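Trainee: Grabbed the feature section from Swiss-Prot, which reads as follows:
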- 308-488: region 'Disordered' (REGION)
- 545-586: region 'Disordered' (REGION)
- 600-742: region 'Disordered' (REGION)
- 615-628: compositional bias 'Polar residues' (COMPBIAS)
- 632-655: compositional bias 'Basic residues' (COMPBIAS)
- 677-706: compositional bias 'Basic residues' (COMPBIAS)
- 879-1027: region 'Disordered' (REGION)
- 1025-1085: zinc finger (ZN_FING)
- Cys1031, Cys1034, Cys1055, Cys1058: Zn(2+) 1 binding site (BINDING)
- Cys1047, Cys1050, Cys1077, Cys1080: Zn(2+) 2 binding site (BINDING)
- 1088-1115: region 'Disordered' (REGION)
Amino acid sequence: MDTFRKWLNKPKADDKSLLARFYHADRSLTAVASELDSFDGRAEPDRCTRLVSRLRQNQDKVLAITNMIMEELLGEDRDPRAFRAKFPEEVLQENLAGQLWFGAECLAAGSSILNRESESKEMRPLAQAVTKSLGHVRVLLRDQCLRNNVPNSKTLHLDFNDSNTEQLYESLKIFDHLFAEFELSYVSAMVQVKSRHEYEMQQWIGVLFSETLQRSLKVGLLDQDMVDAFDPGLMFSIPRLAIVAGLVVYAKGPLNMDMPGDQLSEMFRPFRTILIKIRDLLRNLSKQELYQLEKLLCTNEDINTKVPLGSSSIEAPSPEHNNSSSTTNTSNNNNNNTNNNNSSSGSDCTNNDKTGTTTNTHKPVERLVDHRNNNTTNSQQTSSCSVNAAATTPATSSRTRTPPSILSPSAGSTPTASPAPSPTPSHSIASTSSAATTSTNSPAHWSDYDDDDEDDDDDDVHADVEEDEDESGILDSDEHDLNDDSDSEVDEFFEAQLKAIVAAVDCAPGYLIPDCASGYLISNTNLGNLLQPQQVPLTDNFVASEDDELGNPTAVDQQQQPQQQLEHHQQQLQQQQHTEDEPSTSAAMLAARRTLQRLRLPSSSSDNEPSSNNQQMTIKSPSEQTTTRSSSNRHRHHSHHHHHHHHSHHHHHHQPTAAVAVAAAQDEQHNNNQPHSHSHSSSHHHHHNHQSHSHPHRANRSTRKRCSQEHCETITTTKTTSGGEQQTEDSLDSSTASSLSDDVSLAMRNTTARLKFKSTENLLHRLFVCIAGVADQLQTNFASDLRQILRSVFLMNMSSAQEDIDIPEKTKESELFEFRASENDVIQESAGSNQSIYSAEEVNPELDNVFNTNTGTNGARHSAGATMQRNNTIDLATVQSSNSGNSSSSNSSSSSSAARSHVARSRSLGDHDQASTSSSQQQQRELQLQLQQQQQQQAQMQQQLQRHRNNSVGSNSPSSASSTSSNSEHNSPVSTRSGSRRRLPSNTTTTLSTSIGTAATTPTGATTTGVTTTTTMSPPAWIPDGKAPRCMSCQTPFTVVRRRHHCRNCGGVFCGVCSNASAPLPKYGLTKAVRVCRECFMREVRQSHSHGQSQSQIHSPTQQAGGRPQAASAS
């Protein structure tokens, strides 16, 4: 019996109730599952694939209906799913439930997720519980479909007192809880779900993006209009700029590369290695170079580092350098030997000229890395002598207040002092600048670095020297002794670090290649992937690691010996090669030494141990210290002259003193016997240069030889010092050495990292490729997160919406008109009749002074009939007196003066309330306006009928004849009316007064004494455009092309087709034809015909008696 009842209650196929839909979906799913179990899927893979696809679709359908049933039955008792906020947008799809069911069945059957075996093992019991609970729910729902189904019911009609219903309720709650738990576990295993820390980091990244956008708007890289318009280009520009700002400007923010990798955001964690290398290169950029990079990231424009003087922190080429550069480009095509001699002479003159005029010399002294200025004369100077002399000159130069770039012995090879035979673009000055100024600054003090750059344009040489000495840590003192043993040991520690850097950069055998484009010598080992083609995919190793070039000193020494042996057998070839392409190791050493000195300054100043008067930055042996102290005092008076002409000695034959020559000769003899196995490549370069010297310059050669020997002994201090001094070195504070070692290594790595690039354009272009590559990968790998961040950034930084301006309602009738009549509109053929309400005074207000003229003179001209006054009204008394005065010519002046006395001027239709406040005059004026309105309506109807009659017959109407015969001086409405009244004979039957009287006694009009109607009605309010998306007649939707039109009669909104009619609306004061809809047009036309018929009946006897009154009045 129960089975029979269920068969009878089986839902129909067209039943739309929830239970019926579930019943049929469940039956279809069962059929597909049975078919899948009926054959071997490996034998028929195509059929199996189709059935699996159908199975997934049916599962989605069954779970969707089950979810709706749970929503209605459980309501608020459903298990919360707030964890879905952690899911990416790609996961939250409509078929997510079906995927979860399919995954639960696979896990319950023993399958595992690929590469997630451990997670699959943990989820397997939960998956089995989910499938078992879902099967039980399906059975109970099928039973309810056969018991309590109401066909086509929108709600469930279940008996809650039934035990089966309560069982279904509890089963649904259990299934909902298990399915929610399995959803979180399964999705977390398939995709990475963010933790609380990751959400906080993502919010900080959003703050970084917002700060970057505001900074870009302030600097001028972006426009506010682009933000308001949601420019798609900002989707790429903002992440790129945020990477630069996060690494440099806001270095303590979410892109702080000093924090552990696991604390970084998930978005930037895969790029941590490359971001660290980008940060190191960004810190070497000046303020202008950073701006050029950011501009390149925004606009992809060409890089332009040619900045005029004083515009940025990059020092522009001085006039002397521009002249020398032009000389260089000209002389480059000639013989190199001849140009070398001329270059040395030009260098001497330039140095003399630049003594008191060079500005901003702190950065040029760090830009001594220009390898292209090493001509034949400069190649004879060893790098060790350059470094040692560069370290000894600042103290001497401090007395004469001369910029360090002039006092340096390598000043002849600086870009601003010496013309070079190789082509030198003007932007190459900054391309080889050292990172000594910025590499040691902490990221938090980047703003201080920017502020310092703003003061680079001072024209005072002394102020620049003081600023440079303060920044570089050079003390301006001549009275202090040399550093004590502790400072010497600290310097020795720095020198050991410096030795490793120079050895790694300069002593690699056979790895120096000339770069023809820039004149640099770039090591092949330093190129790495930095100079690889742009088509190479972005990896973490596309920036060469600086650790590879540093190496250890032992490996460098092992590579040094075969190089020296090879160069010893090829002296002539090496001499020519060094003459043409020698790398400026001394410049790199000088830039590195300035960085070391800046690092050493806090430690030496803390012990109140000022630097010596000659500011030695290298460590000397004890025997050399006494000699240096005595020789510094002996050469103090002429050291400035020596440093200025260091490279011009060969041409001016400046001979040193005898004592210096003897000492130099002795040192030369001693150095010839000195083994060179412990010196680095710069000493070996000196060996070859020594053999290439000429005899007349032996004294200068000896001096340089002695200088080189001092530096050689400096590097090998530990081999030449005594046992007591060795113990002093061992007593160096280990904590200070370890703390300074990190700073020194960081500074040296940053300095050498920039030397790998042949120009500033190459550096900026490589940074652009790197930063753009990281930002573009964010667009691909983290598209959902990036969209959410950018959406928030746009909403936070877009301009505030303008407040709705409340337009006050128009109170004056004159402002309700759609347009103002011009003078041409007033004097048209139809405007001269009574239908025009636009006064000529509004068009030509200069005639207001008509009433201000003398009433005693020209009285006849200002009579009521002959005046040109505009917008004036005449009452009945005035008309009567005017008509009576026309009977005799003797009383013309008195009648005209009487008429003027009764003329009341009204300024405009909207200014009636500003007229006379007298009650009697106000009532009289209202009566006159009412009569005139009735007369205008009657005349308009008659004219319309006459116009229609003329159009159909083709004859000239009396009105047209009257209008054409009227004089041009009576074109205004008032003058036409008054003139016609004045010219009518007294015996005519159709006078204006009788017409007015007739109109006043007609049924359609109002009596003279009892008129209560208003002059004009206020136009209807227009329906706003926003409330009328469709035409109110044809219901056609409005588009950009199909515009809205308002009917002036009803205020409705219509399309152009439904409102193409036009008709005058006298009841609203609109006597000219205006736009009306078709319905209003038909209604107005019917009214016009009815009024025309009544008007023709009124005037028919008058026309019979008077013949053609209009023609008579015109005559």
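Just so it is clear, glycine is given a Cβ too, placed from its N, Cα and C backbone atoms.
Keep in mind that what you see is a predicted model, and the values were worked out from it rather than measured.
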Trainee: List only the single closest residue to Cys1058 (Zn(2+) 1 binding site), chosen from the binding-site residues Cys1047, Cys1050, Cys1077, Cys1080 by CA-CA distance.
Mentor: Cys1077
Trainee: Have a look at the binding-site residues Cys1047, Cys1050, Cys1077, Cys1080 and say which one has the shortest Cα distance to Cys1034 (Zn(2+) 1 binding site).
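Mentor: For Cys1034 (Zn(2+) 1 binding site), the closest Cα among Cys1047, Cys1050, Cys1077, Cys1080 is found at Cys1077.
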Trainee: So of Cys1034, Cys1050, Cys1055, Cys1077, Cys1080, which of the binding-site residues has the fewest other Cβ atoms within 10 Å around its own Cβ?
Mentor: Cys1034
Trainee: Between Cys1031 (Zn(2+) 1 binding site) and Cys1077 (Zn(2+) 2 binding site), what is the CA-CA distance rounded to a whole number of Å?
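Mentor: Cα of Cys1031 (Zn(2+) 1 binding site) to Cα of Cys1077 (Zn(2+) 2 binding site) measures 11 Å after rounding.
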Trainee: Once the DSSP letters are reduced so that anything not helix or strand counts as coil, what is Cys1077 (Zn(2+) 2 binding site)?
Mentor: coil
Trainee: With a radius of 8 angstroms around the mean position of the C-beta atoms of Cys1031, Cys1034, Cys1055, Cys1058, what other residues of the same chain does the Zn(2+) 1 site pick up?
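Mentor: Apart from Cys1031, Cys1034, Cys1055, Cys1058, the close residues are Arg1030, Met1032, Ser1033, Gln1035, Thr1036, Phe1054, Gly1056, Val1057, Ser1059.
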Trainee: Select the most exposed residue of Cys1031, Cys1058, where exposure means the fewest other Cβ atoms within 10 Å, treating these as the binding-site residues.
Mentor: Cys1058
Trainee: If I take the alpha carbons of Cys1080 (Zn(2+) 2 binding site) and Cys1055 (Zn(2+) 1 binding site), what is the distance between them in whole Å?
Mentor: 14
Trainee: So how many of the residues in the zinc finger (1025-1085) end up helix, strand or coil by DSSP?
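Mentor: Its residues fall into 14 helix, 18 strand, 29 coil.
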Trainee: I'm trying to understand the geometry here, so how far is the Cα atom of Cys1077 (Zn(2+) 2 binding site) from the Cα atom of Cys1055 (Zn(2+) 1 binding site), in Å to the nearest whole number?
Mentor: 9
Trainee: Would you list the other residues of this chain near Zn(2+) 2 - those whose C-beta lies within 8 angstroms of the C-beta centroid of Cys1047, Cys1050, Cys1077, Cys1080 - in sequence order?
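Mentor: These residues sit around the Zn(2+) 2 site: Arg1048, Asn1049, Gly1051, Gly1052, Phe1054, Ser1059, Val1076, Arg1078, Glu1079, Phe1081.
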Trainee: Just to confirm: which same-chain residues, 6+ apart in sequence, have a Cβ under 8 Å from the Cβ of Cys1047 (Zn(2+) 2 binding site)?
Mentor: Val1053, Phe1054, Ser1059, Arg1075, Val1076, Cys1077, Cys1080
Trainee: Where does the mean pLDDT land for the zinc finger (1025-1085)?
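Mentor: The predicted confidence over the zinc finger (1025-1085), as a mean pLDDT, is 86.
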